[in-house]
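*Asks:* This is the structure I want to talk about, given as structure tokens.
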Amino acid sequence: MTKAIIDKSKKYLWLPFTQMKDYDHDPLIIESGNGVKVKDIFGKEYYDGFSSVWLNVHGHRKKELDEAIKNQLEKIAHSTLLGMTNVPATELAEKLIEISPENLTRVFYSDSGATAMEIALKMAFQYWINIGRPEKQKFIAMQNGYHGDTIGAVSVGSIELFHQVYGPLMFDSYKSSIPYVYRSESGDPNQCRDECLYELEQLLIEKHEEIAALSIESMIQGAAGMIVMPEGFLSGVRELCTKYDVLLIVDEVATGFGRTGKMFACEHEHVQPDLMAVGKGITGGYLPIAATFTTEKIYEAFYDDYDQMKTFFHGHSYTGNQLGCAVALENLRLLKTENIVDEVAKKAKVLERLLDTLYTLPHVGDIRQLGFMCGVELVASKETKEPFPNEKRVGYRVSLKMRELGMLTRPLGNTIVFMPPLASTVEELEEMIAIMKKAIHEVTSVAV
Ligand SMILES: *Cc1c(COP(=O)(O)O)cnc(C)c1O
């Protein structure tokens, strides 16, 4: 059975963000999971060190989440949200609004982080048309931003490795610098922040009349390599957007639902976005639900007689799916009853100390962390911060070594991602960090 299914996987599948030649060399097929571990078809267990790509909250096979889906299944699996609604989608909307930043009062569902961002972009764009200011058509995006892989989301993204090929397909957006303290000239977080805010303000002074919205990840750029924004940056961006009458779209797809030790990362700086995209952790990592939140002001700009043509013409077949909304509701209940968000904030301090021990390794250049979102940047030289050459694939090789040692994660270039399920215990975190340390040591001691 095992060999047959591996052969099938090589014969029929094409995997996302994967060079299939790499997969064919090191295939992996997961069969089951329990708690913070998953198991492959050979029975080998791995810590889910990246929460199955940044999703998982309570671990796998969480009884209450499993039950929520089974119970919903006894009623109905799916009916549409076009022109009507269903019970769990409606209940969930109320709960989402309860926990979201105060000014956000409306929820629009979709099925992935990228679609939640597409929706935010289109809403922002049409908002200005609907209120009679159609000249505001452009977007500002942050350097190294990542918002998903559909064309609109890619157009406000700027990770060269993923986005360069598709350049001719994208709409233009202005790019503004993001403070990357470790690689900044001064290395000073405040200076780095102020320089970036200054640059953004210059752009806004010049262009604000044509700008519909600015999109930014919340507090930390994930795919760029877990780059934590210095204190005061996100709130500074909020102030500038308000001052120059530009909508602020905050992407909480990776950071939402407790991941950073707050329910939403923008709470770290009391930022209230005009639009907010969520996904990933919303269902505890169980089913594809995403949502775009907005304000009553934006909602009202679309609310009119049909012939005024202000309707938001956008939707997806599985929008508001009952099974997904039912499990999301149970996820929110568990976040509260199990006090997950405060626990993450507490355990993050322990995690910080564990991560600190990695600095004793000769090639660990920078460790960045916000809650349970961590990146360990490996460098050829600590003194000069010189990166490892890409062709050495140090990050990739470290992740393969971790796999061998019993933990899964995916690197971002030469930054090792550590994003364990939020329910991970201190003991489990210790074991995971020990695996990471061993893998980094083994790979980098021969890579140089
Ligand atoms: C993962 C991610 C997305 C895209 O979400 P998908 O569900 O993969 O489409 C968007 N923004 C951020 C910040 C992400 O981390």
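From the backbone N, Cα and C atoms, a Cβ is placed for every residue, glycine too.
Bear in mind that TrEMBL entries carry predicted annotations, made automatically and left uncurated.
What TrEMBL records for this protein is below:
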type    : residues                               : note
BINDING : Gly113, Ala114, Asp251, His316, Ser317 : pyridoxal 5'-phosphate binding site
BINDING : Tyr146, Lys280, Gly315, Arg410         : substrate binding site
MOD_RES : Lys280                                 : N6-(pyridoxal phosphate)lysine
*Asks:* Using DSSP and collapsing to three states, where does Gly113 (pyridoxal 5'-phosphate binding site) fall: helix, strand or coil?
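*Replies:* Once the DSSP labels are grouped into three classes, Gly113 (pyridoxal 5'-phosphate binding site) ends up as helix.
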*Asks:* Just to be sure I understand the contacts, which binding-site residues have a Cβ under 6 angstroms from any atom of ligand 1? Candidates are Gly113, Ala114, His316, Ser317.
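*Replies:* Cβ < 6 Å from ligand 1, in sequence order: Gly113, Ala114.
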*Asks:* Return the member of Tyr146, Lys280, Gly315, Arg410 nearest to Gly113 (pyridoxal 5'-phosphate binding site) in space, with distance defined Cα to Cα and candidates limited to these binding-site residues.
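*Replies:* Out of the listed candidates, the nearest Cα belongs to Lys280.
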*Asks:* Among the binding-site residues listed here (Gly113, Gly315), identify the one with the smallest other-Cβ count within 10 Å.
*Replies:* Gly315
*Asks:* According to DSSP, collapsed to three classes, what secondary structure does Gly315 (substrate binding site) have?
*Replies:* coil
*Asks:* With an 8 Å cut-off on Cβ-Cβ distance and a minimum sequence separation of at least 6, pull the same-chain contacts of Arg410 (substrate binding site), or say none.
*Replies:* Phe50, Val53, Ser399, Val417
*Asks:* Name the secondary structure element type, per DSSP in three states, that contains Tyr146 (substrate binding site).
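*Replies:* DSSP call for Tyr146 (substrate binding site): coil, neither helix nor strand.
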*Asks:* Taking the Cβ of His316 (pyridoxal 5'-phosphate binding site) as centre, how many other Cβ atoms lie within 10 Å?
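*Replies:* Around His316 (pyridoxal 5'-phosphate binding site), other Cβ atoms within 10 Å: 17.
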*Asks:* Taking each of Asp251, His316, Ser317 in turn, which of these binding-site residues have a Cα lying within 10 angstroms of the Cα of Tyr146 (substrate binding site)?
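*Replies:* If one measures from the Cα of Tyr146 (substrate binding site), the binding-site residues that come within 10 Å are Asp251.
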*Asks:* Please find, for Tyr146, Lys280, Gly315, Arg410 as listed binding substrate, the greatest distance between any two Cα atoms, in Å.
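*Replies:* It comes out at 32 Å between the most distant Cα atoms.
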*Asks:* CB neighbours of Asp251 (pyridoxal 5'-phosphate binding site) within 10 A?
*Replies:* 32
*Asks:* Under a criterion of Cβ-Cβ distance under 8 Å and sequence separation of at least 6, what residues of the same chain contact Ala114 (pyridoxal 5'-phosphate binding site)?
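*Replies:* Sequence-distant Cβ neighbours: His147, Gly148, Asp149, Thr150, Ala153.
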*Asks:* Tell me the Cα distance separating Asp251 (pyridoxal 5'-phosphate binding site) from Gly315 (substrate binding site), rounded to the nearest angstrom.
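*Replies:* It is 19 Å, counting Cα to Cα.
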*Asks:* At the Cα level, what's the spacing in Å between Ser317 (pyridoxal 5'-phosphate binding site) and Lys280 (substrate binding site), rounded?
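*Replies:* Between the alpha carbons of Ser317 (pyridoxal 5'-phosphate binding site) and Lys280 (substrate binding site) there are 19 Å.
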